[in-house]
Amino acid sequence: MTIKVGVTGVCGRMGRMLVEATHKAQGCMLGAASEYPGHTLIGADAGELAGVGKLGVLVGGDAETTFRDADVVIDFSVVEATLAHLRLALAQGTPIVIGTTGFSAAERQQIALAAERIPVVFAPNYAVGVNLLFKIAAEVAAVLGGEYDIEIVEAHHRHKVDAPSGTALGLGQAIAEAVERNLDEVAIYGRQGQTGARDPQTIGFSTIRGGDVVGDHTAMFMTDGERLELTHRASSRMTFAKGAVRAAKWVVEQKPGLYDMRDILGFK
């Protein structure tokens, strides 16, 4: 069976890479592609935009058609668009892979409610290496976390609009769970002024924005006399695209539920 993958926001950087990754993956093909109404590239061949040649799939201006024509849709866009696409997925009964970040707690709850009716993959990062970092960092935290200060440092390109990154928050959540802390209660997002001594229960987040950095994430475990650092550096967005396509191929076989890359990689 060949899976028909739909891609929203297909003219953006991630959208084009998702088309390329879908075209190169075994067992799937590009089934539909869309952009926001009025986009200048509506009507163009999505394959040509992605540099893989004509695929016969034209960029549409109606996302509803994408969800109707595809077996599964991958959405890397912005929060407002993703929530609108989620409603289309519900209406069509189409599984969806969400790569958008920056959701509020209430918006994440909307995604969880949708997953009661359709299969949803919602992950902060689709790179296999990053998800291994989550797993390894949690294991390290379980051993060291009670005695070590924990800090997370992330860096991204100048155009990223949310901070800390969804990946940094996912890393923090994995670590917090391992040391039996509530991340909402112990997270410190940057420091300035007379902050006082560090509370050993906190997990600090530092954000760097600049240049064309695809994504760097480091978990630091520090105590007197030593420091352990675990780092993942992404050099190409293609690693995210490949992971998302892998997730799309997996989720079409699943029953309704909320999944992440740990399910796909067998970490749970």
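For all residues, glycine too, the Cβ spot is worked out from N, Cα and C.
The record from Swiss-Prot ties Gly9, Val10, Cys11, Gly12, Arg13, Met14, Gly99, Thr100, Thr101, Ala123, Pro124, Asn125, Tyr126 to NAD(+), and of the options Glu35, Glu80, Glu116, Glu139 it ties Glu35 to that site too. The secondary structure of Thr167 ((S)-2,3,4,5-tetrahydrodipicolinate binding site), as reduced to three states from DSSP, is helical. Taking a C-beta cut-off of under 8 Å and a sequence gap of six or more, Gly9 (NAD(+) binding site) has these contacts in its own chain: Gly15, Ser34, Glu35, Tyr36, Asp75, Phe76, Ser77, Ala81. In the structure as shown, the Cβ atom of Arg13 (NAD(+) binding site) sits within 10 Å of 12 other Cβ atoms.
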